[in-house]
Amino acid sequence: MAWIWQSAHWPNFTYDAAAVAPALAEAMAAMGEVSGLEQGLSPAEAEELRLRRIVGEALASFGIEGVALDPDEIEASVIASLRHRDGEALARRSDAIASVMIEARAATAPMSAETLQAWHRLLFFGIEIEDPGRWRRSGIEIVRSAAAGRQDVLFIAPPPESLPAEMERLLNWLGTETRLPVAIRAALAHLWFETIHPFSDGNGRIGRALIEHVFARERVLPFSLSRRIEVEKRQYYQALQDGRREGPAGIDATPFVAWFLGCLARAADGARGEAVFLLARNRYFLRFGPELSPRQETVLRRLFGQGPRRIAEGLSARSYAKIADVSGATATRDLTRLAEIGAIIRREAGGRSTGYDIATV
């Protein structure tokens, strides 16, 4: 069986521009809407959102590969890295991972082999793997578990001796291609990189960081794309396979490009919800903040910090007392006052089960 990199068309990736034009327009419009919404955030809120996205990207990109990271460690490392901890020796793997995530979004220089290899070393900081920070020196197969313990070979990557030339060709294209829309460049760069599979491990994670880099050279992605890819993992892997098929004039990447653009739009939908929620939180505390006691504000900010689902659950005397660590009587008095100023709205059910909705401003 011949693999796509053995084709006479390799690596001439093509796509049906007319077929994907609606998806491209939708994705770019959705991204623009998210960026526009964020113009209404304060600097502190914008920084909070940036932190959430970098942390979310790290957790999701590793999660796609079945690797669980400690969210608190990653967040602490990202915060430390954002505070310009330049020149300090890395103390733990989370610091190394954070530096890759931040550098990918900074994209201060064109991509190079040295940068990709440095990222690879950082992603596997403190872990023993084959060929850390260098192109792999052995063959690699992409397999899928089948019936009776059998494994089906989905794809065999190019041989190790071809990797320097293969990666040089990809990086030269990435550094000189300016005609294609950035979303198309990101899709093709990711598909091309994953087809080469230049590392012994971590190709998916490096490839997704490459997507961030491609966008950041023009406009930083206003969301974590890997969070959406993690939700659509099965479709992601299938799209990669479908985008490696020979067409009449090249390698037809249309299936992957179409899926990628749809994934961008769906990721933007989620990010839009995050931005709208933060703006609503901002309006809420601008409206009611001056009338809140320190304890009331602490409880409400903690609720908002847990996201839209928690806000939708509302409050009761029991939940308020638990969050504030006060008696039921004190909780009831605080809730009564919050209802009086309109910060919460009493639900129809009364008695001990009385619940309150958080007011919408």
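Each residue, glycine too, has its Cβ placed from N, Cα and C.
Remember, TrEMBL labels are computer predictions, not curated facts.
What you see is a predicted model, and the numbers here were worked out from it, not measured in a lab.
Annotated active site per TrEMBL: HIS197, in sequence order. Long-range Cβ contacts of HIS197 (active site) within its own chain (separation 6+, distance under 8 Å): ARG136, ILE140, ILE142, ALA157, PRO158, ASN203.
Residues annotated as ATP binding site in TrEMBL: ASP201, GLY202, ASN203, GLY204, ARG205, ILE206, GLY207, ARG208, TYR236, TYR237. Counting Cβ atoms from all protein chains shown, ARG205 (ATP binding site) has 23 others lying within 10 Å of its own Cβ.
Here TrEMBL flags 111-262 as domain 'Fido'.
Taken residue by residue with DSSP, TYR236 (ATP binding site) is part of a helix.
Here GLY207 (ATP binding site) comes close to HIS190, PHE193, GLU194: these same-chain residues lie at least six apart in sequence, with C-beta atoms under 8 angstroms from its C-beta.
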